[in-house]
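Taken from TrEMBL as is:
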| type | residues | note |
| --- | --- | --- |
| COMPBIAS | 1-36 | compositional bias 'Basic and acidic residues' |
| REGION | 1-39 | region 'Disordered' |
| DOMAIN | 64-249 | domain 'Reticulon' |
| TRANSMEM | 75-90 | transmembrane segment |
| TRANSMEM | 96-115 | transmembrane segment |
| TRANSMEM | 169-199 | transmembrane segment |
Amino acid sequence: MAEELEKPIPTEESLMEKIHGHDSSSSSDSEHEKPESPSALKAKIYRLFGREKPVHKVLGGGLPADVFLWRDKKLSAAVLGVATAIWVLFELVEYHFLSLVCHILIFALAVLFLLSNAHAFMNKTPPKIPEIHIKEEHFILIASALRNELNQAFVILRSIALGRDLKKFLMVVVGLWVISVVGNWFNFLTLLYICFVVLHTVPMLYEKHEDKVDPVAEKTLKELKKHYMVFDEKVLSKLPVASLKAKLG
């Protein structure tokens with residue numbers, strides 16, 4: 001009984017501390033339950049082809065990406081203008097590539113030859129013409145990158161030829177058929193120029209309107225997957241591919 005009487009009676013201040021402690025704990029809990037930040041929600045948004053990097057990084061970054069995305073408008077316009085001039089010369093004017101190279105070299109050598117002689121006649125120092133040396137490392141890097149891409153392509157073609165991936169087989173056949181049809185419409189140079197113009201315009205337009213394009217692309221891909229599943233169920237699943245895989249495996 002004496003010990004019970006000696007227990008301290010909770011004062012008003014201790015009661016207030018408990019109340020404030022409860023409030024702080026509840027506020028901390030509510031802070032943990034806060035909704036995700038806009039950046040985190042934006043990261044979960046579907047992006048075309050499942051990309052996780054910005055368009056600039058997807059294009060490799062650096063100067064080529066700056067040109068395709070029009071970071072430097074003067075440089076991008078100059079590159080597009082040069083490509084258009086080359087296409088006009090070779091396609092509309094029907095100029096030949098070898099003739100163009102020879103004429104450019106003749107003009108450049110004639111100008112440099114006359115300038116050097118003019119400076120020597122006026123007792124001035126001749127113009128400084130830089131010495132150009134192509135490094136072996138650059139060719140090795142280009143050849144190595146090309147070799148890796150060709151090896152990867154051969155691996156895919158081999159797996160398709162062995163009948164291991166019917167989906168890839170159909171995609172490659174359709175892609176080659178589309179290229180053959182388009183190739184009948186244009187010659188190689190015009191097709192190359194069209195691809196260059198597409199690379200020079202589509203990435204820039206996509207980067208500006210990606211928030212509108214990605215939802216439409218997501219819906220389109222979902223519909224294509226549905227149609228592919230129906231096609232797979234009604235047609236592909238009935239093909240004797242499983243038995244061929246078992247024999248090959």
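Each Cβ is built from the backbone N, Cα and C atoms, and glycine gets one as well.
Residues 89-90, 126-127, 129 of the same chain lie 6 or more positions beyond the ends of the transmembrane segment (96-115) yet place their CB under 8 Å from a CB of it. The list of residues near the transmembrane segment (75-90) in space but at least 6 beyond its ends in sequence, with Cβ under 8 angstroms from a Cβ of it, reads 66-68, 96-97, 100, 189-190, 193, 196-197, 200.
Per-residue confidence over the domain 'Reticulon' (64-249) averages out at a pLDDT of 82.
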